[in-house]
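Here is the structure we will look at, set down as structure tokens.
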């Protein structure tokens, strides 16, 4: 590859990242020098503005670029795959900022300024993760996201629960990072390069040269390390504690943005690096055989653990954490093994998950603050107190459970179809059974809302901002459930998913 | 294909939902009226279509087709994108037409019976109409995806209707209903998607045509073992709904705990969706496999008949007697299917419709009795004929129809079903016929105990049927007698459609 001068690149494609970086820097300085004199919400609204502008530039990039644009030998790589994920990150962060703006409890988070620009730096990390094809930049992105998240989780300084969860998150996160780095060191040792497309060929050669076992070991460590970020088994244990302890907008940021980023990384690293490695017999490809089987076992374990453990939870945020573990399991399904459908399956599912999670957590936030408890019983009689909240929450829960006509149903249908295309009946069966198990706990909340008397019948006061937000999410959940074609077509037209996995593969490796 | 008659029929209950949404809760009377009148458009349209129905042909009528979702899966030759198409397709033939009319009639009558609902009328009727949309849609759908969506659409309203308006242990009943039916529809979806992935269409007619054409290229992919596998999965899915012996426990609870108007719908229509699915998608798609399996269908049918009858005999609760009686009567449907000839199928479908009317009538009567006496235990009842002669008379008539008295619908269906089965499996038929005797025993015992004999204190001085209650009784009884005296009203539309299924069955199976 020809070496380019740093100024010879067209840096305009990196504008989304620069904007987020710029806003984060600017806001931290603003907070430092003018923090006391500013209105409480100004920094929040400015960071929201930042995400919107960045999203506009991502869309411009999408239309301007027909083929991937790469900086410094794929250190950063602007392609369809990354752009699709970036839109989800940006929307997720924007939503998190919105619900924080209208509903962050006074005094709950002491450092409001930091809160908002830490979300932005976390977002920047996620965006870097989605759009690089080099182990170094990927790792830098991952750490940027992780460090921001660690602080965000612990930002309720006076809450014992928050401190505890931040501590747990840092410790288990560091262990996961160590495992991941250990896996990467194997990859580097075998391949002698950090460039993922290079690795793809080097690992294949290493496999042929009799280092099969080391290749497999590298794969296993990478998978376990990355499972942490997406809260999939076997590295899911942190999620319930952290979800419970973190401020609710941060919880949902972790549940959506951080998880999606984990997926962006897992697929980019795992799939491309091991794309050319042949399996032991020499006839098949490792990733499409044993490798994806390994991910399949992770998926199955996550679905089973997540859905069964959720049954026993009484704290609604813990329950959502286990539900999130299960959702991570569903999201791993398209990779067993990847088909030409996989990219749009994942993006569609994440899109639906984005709407539903934010809607559900917004309701949880309103209810648990008003009731001063995060217990499931806080939902009792909600229907009589605020029918709109109850109906919206029911829609979100039905969507999470995968019942038509909601976006979650089509998401699951799509995943399901993808797995049956490759005749993975066992995984499909686990998906079905665990989904039905999940009915029980999702309907548990519905039961509280409609069938149990609450402590009071007084109408619940819901601030206008969050009320509108929840309503829009609920309508979108139903609308895209009835017309999922709008989203799948969009993915098809703008992200070119079917033919080379969303521009993930370099032309030579296809 | 600009025909929108069927769509307007299916979605006509939406009108009532919209109107009701604007009526304040305190106007319970108005809501109830809207709730009842809201079912009339569907009834009128269904009646009109029944009149216009051309029963000389086996083709689908009132067909509608719109493209809905298209999922690109790859590139075919010449650069065209190859995609899975999911269409919005409605159409009815001679099998679904009577069921749609049955749904519309029972829908209206159950709405009238819902006059008794004393709390939260608005929500009740909104859910009721949602349920109605689901049921009409199931019978009108000509597309598996659409069928599934409507099938699931019945699940959620039913959950609420049982769980909020039911009797003492309503929540457990609702949960059990949800889990069993969730599993049922889950595995149904599994079968549907396998079919979709292999055949690339979801149109019921096309699938039937492809699967039953000897030597169609699809046979290369779809081995006989796979066909049998899919058939079995479909059979289990619909067996849960029907319900067939080991899967029946949920249905008992629903029959006992749900409010009478909902049991009318449940036993009158929802159980029939299982029979309909079994005929159209089980036997219709896989006639050969069904033929090979018919011996077992007969065995299951006999178990259902005898098991239901024997247990009905020992029940102390009138509701349980009728619940077990429903299980017993669904056995006759299975026997009709097992015969694999026109007469048997006709018997099965007659039984479906006839039992719909009869059980709706009987459960309506139980509701009336409960309303007066607050009990349905046989030991607490007795001598009702003195104070409620009209109700007792109708109860006796309904019981007679149920045990198959000539001149009523029950007789025709049992006669045809057994006639069909005697032609093929005479021994089975003979064993099954014992059930008819047992039916007479348990029904007469229950009815005598209720209407005659010593009169306990609580059963004296009760008001006889009110005008609002007379209407459903008379209409249902009228339908029962009409079918009994003039079976052609039902037989004619079915004839052609059944004739297309049977030659396929016998033509291939020998």
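Backbone N, Cα and C define each Cβ position, glycine as well.
Predicted, not measured: the structure shown is a model, and the values here were computed from it.
Your range for transmembrane segment, going by TrEMBL and the list B:352-370, B:371-389, is B:352-370. Taking Cβ pairs closer than 8 Å, the transmembrane segment (B:177-199) reaches residues 84, 144-145, 148, 151-152, 155, 158-159, 162, 206-207, 210-211, 218, 221-222, 230, 233-234, 236-238, 240-241, 247, 249-250, 253-254, 277, 285 in its own chain, all 6 or more past its ends.
For the transmembrane segment (B:95-117), the most Cβ-contacting stretch among B:6-23, B:147-165, B:228-248, B:269-287 is B:269-287 (pairs under 8 Å). Mean predicted confidence for the domain 'NADH:ubiquinone oxidoreductase chain 4 N-terminal' (B:76-136): the pLDDT average there is 86.
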